[in-house]
Amino acid sequence: MAEIELKTAPADYRFPTTNQSRHCFTRYVEFHRCVAAKGDDASECEKFAKFYRSLCPGEWVDRWNEQRENGIFPGPL
């Protein structure tokens with residue numbers, strides 16, 4: 001049986017505390033900025049997607065996606 005390797009986002013000096021909510025939000029914004037700059041199929045953006053998916057609760061991501069679709073997302077995209 002193959003080994004399963006679980007990973008999360010690497011440590012980031014900008015977020016030294018244990019509360020990772022800001023780290024989650026920043027990685028989400030970085031992913032969408034990357035996609036906006038390089039296109040939907042850009043492989044270099046995938047690392048940001050993996051980071052925010054491992055850090056952020058699904059409910060937050062769903063809400064942010066809905067806000068982006070409605071043009072009311074509070075972040076700097």
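Heads up, residue numbers simply count up from 1 along the chain you see.
In case you wondered, yes, glycine gets a Cβ from its N, Cα and C as well.
Remember, it's a predicted structure, so these values are computed and weren't measured experimentally.
When you check TrEMBL, the disulphide partner of C34 from the set C24, C45 turns out to be C45. Between the C-alpha atoms of C34 (disulfide bond) and C24 (disulfide bond), the distance comes to 16 Å. Of all Cβ atoms in the protein chains displayed, 19 besides its own lie within 10 Å of the Cβ of C45 (disulfide bond).
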